[in-house]
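Okay, so here's the structure we're looking at.
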Amino acid sequence: MNPKTKSRLGWTVVTVLVLGYSLFPVAAIFATSFKTPGDLGNQTFLPTSWTWQNYEMIFVGDAQGLFLSALRNSIGIALIATFIAVVLATLCAYAIARLDFPGKRIILGAALAVSIFPVISVVTPLFNLWRTIGLYDTWPGLIIPYLSLTLPISIWTLSAFFRQIPWDLEQAAQVDGATQWQAFRKAIVPLAAPGVFTTAILAFFIAWNDFVYGISLTSTEAARPVPAALAFFTGASQFEEPTGAISAAAIVVTIPVVVLVLLFQRRIVSGLTQGAVKG
Amino acid sequence: MASITLQNIVKEYDDGFPAVNDVSIDIEDGEFVILVGPSGCGKSTLLRMIVGLEDITSGDLLIGGDRVNDKPPRERNLAMVFQNYALYPHLSVFENIAFPMRLAKGKFTQEQVKEKVERAAGMLELTEHLQRKPANLSGGQRQRVAMGRAIVRDANAFLFDEPLSNLDAKLRGQMRAEISQLQRSLNTTSVYVTHDQTEAMTLGDRVAVLKKGVLQQIASPRELYEQPANLFVAGFIGSPSMNFLPGTVSEGSTGSTVLSTPLGDIELPEQVAAAGREKEIVLAGIRPEFFEEASQVEESRRGRGSVFSAELSHVEWLGNEQYGYVRYQNDPRVADALANLAADMDADELRTQLVVALDAMSRIRGGDTAELWVDTRRIHLFDPATGENLTRDAEAGAELTRLAAEDRRRDRERAAAHAD
């Protein structure tokens with residue numbers, strides 16, 4: 001065996017191991033979501049008979065009210081939080097990458113500090129504050145804390161991205177007759193688009209996956225997102241675990257994530273700046 | 001098209017460092033002016049102040065007679081070619097060139113844009129590449145796209161920021177010629193920044209030499225070469241560099257005036273000697289081509305120079321000519337001056353060796369002792385303390401620059417006649 005095929009074989013083994021390790025739980029939940037209630041405890045991986053029963057339950061059955069409203073909340077809140085975070089972070093990161101102003105390092109440092117601050121320590125005071133000012137169990141009541149999660153990472157990734165874009169392009173645009181804003185929009189934004197998309201996806205996932213804020217700052221279907229709602233599923237009787245329904249719901253909420261990655265995979269093309277300057 | 005006037009321009013950074021210090025230059029309409037100097041001399045900063053990307057700390061900048069200090073770049077109507085071209089990677093070559101016109105909304109119709117871009121592309125041989133993206137172009141083609149973007153605009157002036165420094169040597173020569181011809185045919189005022197003295201000499205109507213933010217001399221290439229204002233200009237302009245030989249002017253044994261150098265006595269003509277007589281020690285600036293092998297010099301010219309013998313350490317044969325090297329012992333009194341000069345020019349320590357241009361046919365080898373003749377009338381004497389050129393003939397220099405201006409006028413008339 002020559003060294004090349006050997007290394008290729010090695011990489012294949014490693015890849016399969018990693019894929020198996022990370023995808024097995026997903027596969028298990030996927031299989032579970034198609035099991036009948038009687039099948040749940042039988043300790044086999046695949047269901048003995050495939051059924052849509054669990055999906056029916058969350059979309060049209062008993063759990064419908066709980067799940068559909070939660071899905072709506074999740075999509076709405078995550079999208080709004082992502083949108084606000086990306087717009088703010090784009091402007092902020094642009095300023096950080098391009099302008100020299102006092103406090104630049106403080107902004108980056110504070111963003112980092114906020115992102116490593118444990119969520120659980122904020123949640124109790126926030127709970128009290130939100131109840132006092134009437135934000136408890138509302139969409140803004142979740143969007144605002146989600147911004148604290150999504151903004152820092154957006155600012156960091158975007159400012160790293162903006163730094164790669166040659167300054168000269170913008171100056172060239174200005175010399176060519178553009179205002180500062182036009183230079184930003186026509187020369188920088190098209191180049192930054194892949195970075196902005198990447199950031200948006202990251203931010204969306206963070207908001208989409210949050211559980212702690214979701215369960216602590218909501219009490220009804222008015223704002224409760226899916227990860228929190230899953231905990232409120234009930235079985236057919238109090239002695240029955242709603243495992244099947246939870247699995248089905250988990251698969252449903254995974255789908256947007258997978259779709260997003262597949263859709264934007266192409267947009268996350270680096271190397272768009274190639275040729276702007278001699279590399 | 002417009003003239004550009006710089007009056008006592010100063011650029012001081014926040015830490016008080018003056019990157020450009022009190023520079024005044026008058027650039028005539030249609031003139032091609034080069035800003036040259038080693039890195040960090042402020043030439044790029046000066047250019048960026050003209051275009052408006054850098055604030056002016058004090059002084060006045062006039063374009064076509066209007067003060068533009070406080071105008072943003074887009075209102076100055078200047079076109080700039082950046083060192084790294086700064087092409088928009090997401091736009092095709094066509095759109096890159098059309099970009100300035102697209103920004104001037106409503107000023108150009110679709111047909112006008114198309115026509116102008118195609119004309120520029122034709123001039124720059126880019127016609128078949130118009131639909132490609134910059135990433136797929138070669139360095140020279142990108143360079144031409146950047147120029148295309150500049151020329152479609154009918155700008156007041158072209159500004160070039162080291163446009164050729166990213167190209168390989170062969171292409172650089174070719175692009176240099178193209179830029180020169182383009183500027184002549186369009187007759188647009190141009191300011192060109194470079195650290196390469198060859199580019200400066202070949203392109204410029206006038207060349208401004210800068211050192212540490214201070215203008216040393218602005219003159220035609222010929223004047224810079226023949227009548228440099230000081231040691232720095234003399235050393236910077238010309239390749240290989242001028243030799244600086246330490247020496248003392250004294251009365252020789254035969255009644256003539258000689259310069260006593262580590263290589264022996266060199267007889268000096270009276271007007272050169274007179275300038276250095278007062279000084280304890282001077283640096284004699286002798287360009288390599290002032291030397292010749294004594295045996296090659298015709299009898300009639302022999303009297304205008306002086307002959308000495310020296311041992312060559314090695315020679316370099318280049319085909320069209322060859323360079324001989326002569327080592328000598330430096331005088332400690334000028335060591336500091338030469339070390340400073342080397343630092344100013346961004347060079348390594350100047351070697352204490354003389355570079356001598358010899359005829360390509362000469363069979364002299366390293367180790368031989370050669371009889372060398374030097375044209376003493378062209379020698380300049382410099383004061384090592386101040387760097388000042390003691391033998392500079394300002395009138396002769398001004399005459400050279402005046403002749404260059406006349407040449408330019410002729411070029412322009414020819415270009416105009418050609419265009420009709």
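Just so it is clear, glycine is given a Cβ too, placed from its N, Cα and C backbone atoms.
The shown structure was predicted, so the numbers you read here are calculated from the model rather than taken from an experiment.
TrEMBL lists A:71-264 with the feature domain 'ABC transmembrane type-1'.
What TrEMBL lists as transmembrane segment is A:9-31 (among others).
Tertiary proximity for the transmembrane segment (A:75-97) is limited to same-chain residues at least six positions away from its ends with a CB under 8 Å from its CB atoms, namely 104, 107-108, 139, 142-143, 146-147, 150-151, 154-155, 158-159, 161-163, 165, 184, 188, 192, 196, 199-200, 203-204, 207-208, 223, 225, 256. Feature annotation from TrEMBL assigns transmembrane segment to A:75-97 (among others).
Residues annotated as transmembrane segment in TrEMBL: A:106-130 (among others). Residues 92, 96, 136, 141, 145, 148-149, 151-153, 155-156, 159, 212-213, 216-217 of the same chain lie 6 or more positions beyond the ends of the transmembrane segment (A:106-130) yet place their CB under 8 Å from a CB of it.
Marked as transmembrane segment by TrEMBL: A:142-162 (among others).
Per TrEMBL, the feature transmembrane segment maps to A:187-208 (among others).
Per TrEMBL, the feature transmembrane segment maps to A:245-264 (among others).
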Selection from A:142-162, A:187-208, A:245-264, the stretch that has most Cβ pairs under 8 A to the transmembrane segment (A:9-31): A:245-264
Outside the transmembrane segment (A:187-208), six or more residues from its ends: residues with CB under 8 Å to it: 74, 77-79, 81-82, 85-86, 89-90, 94, 146, 149-150, 153-154, 157-158, 161-162, 165, 169-170, 172-173, 178, 253, 256-257, 260-261, 264, 267-270, 272-273, 276
